[in-house]
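Peer 1: For reference, the structure I am asking about is given below.
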Amino acid sequence: MKFFKNKYMLIPLFVSILSVFLIVISNVYYKNNNYVNYSKFQNDIASKKISKVYLTNSPNITVKLKNGTTYITDNPRNLIFKETLLNSGIEVSEQAPVYVIDVIPTITLALSVLTLIAVFIKSSKLTSKKVFAVDNLNADEVKDINVNFENVAGNEEAKENVKDVIDFLKSPEKYYSYGARMPKGIILYGEPGTGKTLLAKAVAGEANVPFYAMSGSDFVQVYVGVGASRIRQLFKKARLHGRAVIFIDEIDAIGKKRDGGKSGGSEERDQTLNALLTEMSGFNEKQGIVIIAATNRLDILDSALLRPGRFDRHIEVTLPDISARKKILTLHMKNKPINNIDLDDLARKTAYFSGAKLENLVNEAAILACKENSKYIENIHFEKAFSIVIAGHEKINRDYISINDKKITAYHEVGHSIVSLKLLPEEKISKVTIIPSTKGAGGYTLSVPQDKMYQNKDYIIKRIMVLLGGRAAEEIIFGKKNVTTGAYNDLKQSTNMITNMITKYGMGTSLGLLNIDELYEINYSVSNLVIEECKTTVENLYNKTKDLLLENRDLLEDFTNTLLENETMYDDDIKKLLQKQS
Ligand code: ADP
Ligand code: ZN
């Protein structure tokens, strides 16, 4: 048993054993040495030497003489024995005599046993407390986080998105006096190893507040209620300090969409989630506590988590593009004896590597150089490390997305961009990238639609053509036989827009101004007619889109090559490219 490891526990244990020993010894010793036979006792009665007899139910009686000595003799178990004694003027006590020599060990025995029990209860309470207490578990509180924005390379957009939160953490009163409500919760989402934890730490580091970190899986444990209790402990601890960043990694472990209570342990998860939501609504803006949660996927989270006042700011942390990879590599090469490295080449080769993997690459190269006792870490070490890191990773295909796949993605995305630039020049393309994100399979094009109360037919048609631009570019470059599944989402969206135009907005011919839902009410079937019209419409638009791209073939090639080189292009880069063209 564990508590005997505490050596002070041996003292009461030893005392109690000694006491028992003493009691036994004294009894045995006393009985053996003070026994007097019954006839002598009768003589003593006759000669009136006895002052008192202790008469109990035991086989022996104790006799006290007038001179103070005592002895034991047999109990005659005679009904008139007591009367005989009393008639002879002897005091009779029906209680056993009390000896000091017996009393002391009895008291020490009692005391030491009590001590043992008390300590045992206390120690068992301690261990059960440990299960619940965050302190003794994994909520690492880090006060001197020596991580700040300098340690996070790339991820510029994500950094930009948390700047105001840092300012808020520095002086929450200021924001409060303006009546500004800061987000209580931020969700960072993106692939593993992209630096979500790092960014959360950097927020705390920049704001110079304590950082509390736990993982969602720590909350979902064996016992129901433990998770909820841990959440409360975590917040209690953070609140003691006032301003703080609370980081919960793998929030999906507690915040997954509820699936109708099918899976086991969901009760525990719900309790934990509810505790989290309650705690979040429990503190006010003045306190300056921000909760940052991380997940690989935003779409699997329970919508209760994402509502305003909860985790209402969602920041994507993407895989680094080529320039970000260069920065991350440079950062991790700092303070290492690097010599003769072609950094540009390395950055180019590491497409689709996460920040964690780049860090791993540099580390492997350093280990190899060290093993060889090489003076510097050189290109050759990186070459070898590269194969190690690639091989050690399951998703080889993903990392080695062949040059061809990259090219397809690039042409596809540029196809969207060019159609958008030509047909909707007033809409800004904020970003084109071939780095996959949780939003789009291969890459994605982010354009900012203008706010309008109504969308007219012309605008809807142009947007449909932008959606078709990806597939059209693929077909132009690689031929009809080689088109890919990359257009899946585009086609879903364009189909939806076309059918709405024709069946709901009165912009087609087969139904005219009729609304399809109302027609179904009267059981009037129109589907074949409508499908025919949708098909010809989309075919016409697709051909128009291809023509548009063919007219701009030079731009298509130039744009694609630039994108392949840079992996990500922003508004400015696109403008520059267009100027060069004209
Ligand atoms: P995540 O939480 O997204 O899974 P981490 O923050 O744990 O990723 O990243 C693991 C490690 O990878 C970091 O400690 C850091 O060394 C490295 N890393 C990841 N992203 C970056 C980055 N943008 N800049 C510098 N290092 C990075
Ligand atoms: Zn597309």
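The chain as shown is numbered from 1 upward.
Using the three backbone atoms N, Cα and C, a Cβ is placed for every residue, glycine included.
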Peer 1: Given that TrEMBL assigns His412, His416 to the Zn(2+) site, pick the one from Asp342, Asp344, Asp345, Asp490 that the record assigns to that site as well.
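Peer 2: The record-listed residue among the candidates is Asp490.
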Peer 1: To test your reading of the Zn(2+) site: which residues beyond His412, His416, Asp490, same chain only, put their Cβ within 8 Å of the Cβ centroid of those residues?
Peer 2: Glu413, Gly415, Thr445, Leu467, Leu468, Gly469, Gly470, Arg471, Ala473, Gly486, Ala487
Peer 1: Of all the binding-site residues given, Lys196, His412, which residue's CB has the most CB neighbours within 10 A?
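Peer 2: Within the set of binding-site residues, the most crowded position is His412.
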Peer 1: Quick one: which of the binding-site residues (Gly190, Glu191, Pro192, Lys196, Asp490) have their CB closer than 6 Å to ligand 2?
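Peer 2: By the Cβ criterion, which requires under 6 Å to ligand 2, the hits are Asp490.
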Peer 1: Would you please pick out, from the binding-site residues Pro192, Gly193, Asp490, the one with the fewest other Cβ atoms within 10 Å of its Cβ?
Peer 2: Pro192
Peer 1: For His416 (Zn(2+) binding site), just count the other CB atoms lying within 10 A of its CB, please.
Peer 2: 26
Peer 1: Mind running the recorded positions Pro192, Thr194, Gly195, Lys196, His412, Glu413 against ligand 1 and keeping the ones whose CB falls under 6 Å of it?
Peer 2: Pro192, Thr194, Gly195, Lys196
Peer 1: Would you count the other C-beta atoms found within 10 angstroms of the C-beta of Gly190 (ATP binding site) for me?
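Peer 2: A 10 Å sphere around the Cβ of Gly190 (ATP binding site) contains 24 other Cβ atoms.
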